[in-house]
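Colleague: Below is one structure. I have some questions about it.
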Ligand code: DX5
Ligand code: ZN
């Protein structure tokens, strides 16, 4: 099956006073990306379980929860239980074996995602990733929207792609941070499947048109099957 690029707009750049309308505006996206920040793991605070539950109840697209929080073992399963499609925890925040947490997330009915910050090497998590469904490669330091893309993380994307294409891993490769019309092609060429885009989608006059345009741009840059 040929790969197709998928877009996950990040609600971090949406109007928090109108979350239901903001999810309706991106109904043709693949996932909606929800950034949960706890002011400990990252220097910013966004929203937590009650708000994600409210978004889950109205969203026309599956939720992709990106948990930038400490103690994910304690907090992450609740997001799976409330119905999030994919729940991603940071490798740097796990205190135990991330595989145990992946098991818990899957048992609660979600896909399990592992995120790595720009400075975190991929190598040490390759075996762990065999138990995950998504790998989220951060292309900015987590914490804020609207930052500049860090092209140096694409080496990790290329390596993850190689591991998937050779059958060693079976997961979606996701990228998050600074994805827009200027950067999406390089990310697509490197092997990303799922593109998170906050300001590039919600900063556009027509978010739906921005999604279509990013998707088409990525598709053109995908290596031929
Ligand atoms: C940053 C968040 C991102 C953010 C991306 O820590 O994880 O999801 O919303 O925003 P843009 O696309 O504007 O860089
Ligand atoms: Zn994110």
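Just so it is clear, glycine is given a Cβ too, placed from its N, Cα and C backbone atoms.
When I checked TrEMBL for this same protein, it listed these features:
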ACT_SITE  35  active site, proton acceptor
ACT_SITE  176  active site, proton donor
BINDING   10, 66, 143, 144, 145, 146, 176, 177, 178, 198, 199  substrate binding site
BINDING   33, 35, 66, 176  divalent metal cation binding site
Colleague: Looking only at 143, 145, 178, the binding-site residues on record, which one has the least crowded Cβ, with the fewest other Cβ atoms within 10 Å?
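Modeller: Output over binding-site residues 143, 145, 178: least Cβ neighbours within 10 Å is 143.
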Colleague: If you count other Cβ atoms within 10 Å of each one's Cβ, which of the binding-site residues 10, 199 has the most?
Modeller: 10
Colleague: Quick one: give me the count of other CB atoms within 10 A of the CB of residue 66 (divalent metal cation binding site).
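Modeller: Excluding its own Cβ, the number within 10 Å is 27.
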Colleague: Residues other than 33, 35, 66, 176 within 8 Å, Cβ to Cβ centroid, of the divalent metal cation site?
Modeller: 8, 10, 12, 34, 64, 65, 88, 136, 196, 198
Colleague: By the DSSP assignment reduced to helix, strand and coil, which category contains residue 10 (substrate binding site)?
Modeller: strand
Colleague: Under 6 Å from ligand 2 by C-beta, which of these recorded positions make it: 35, 66, 199? Sequence order, please.
Modeller: 35, 66
Colleague: Let's check the environment of residue 176 (active site, proton donor): how many other CB atoms sit within 10 Å of its CB?
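Modeller: A count of 26.
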Colleague: Which binding-site residues (10, 66, 143, 178, 199) fall within 10 Å of residue 35 (active site, proton acceptor) by Cα distance?
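Modeller: Within 10 Å of residue 35 (active site, proton acceptor): 10, 66, 143.
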Colleague: Return the residues near residue 33 (divalent metal cation binding site), defined as same-chain residues 6+ apart in sequence whose C-beta is under 8 angstroms from its C-beta, sorted by sequence, else 'none'.
Modeller: 8, 9, 10, 11, 12, 64, 66, 176, 196, 198
Colleague: Determine, from DSSP, whether residue 143 (substrate binding site) sits in helix, strand or coil.
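Modeller: In the DSSP reduction, residue 143 (substrate binding site) maps to coil.
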Colleague: According to DSSP, does residue 178 (substrate binding site) sit in a helix, a strand, or coil?
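Modeller: The three-state answer is coil.
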Colleague: Could you say whether, by DSSP, residue 66 (divalent metal cation binding site) belongs to a helix, a strand or a coil region?
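Modeller: For residue 66 (divalent metal cation binding site) - judged by DSSP and reduced to three states - the answer is strand.
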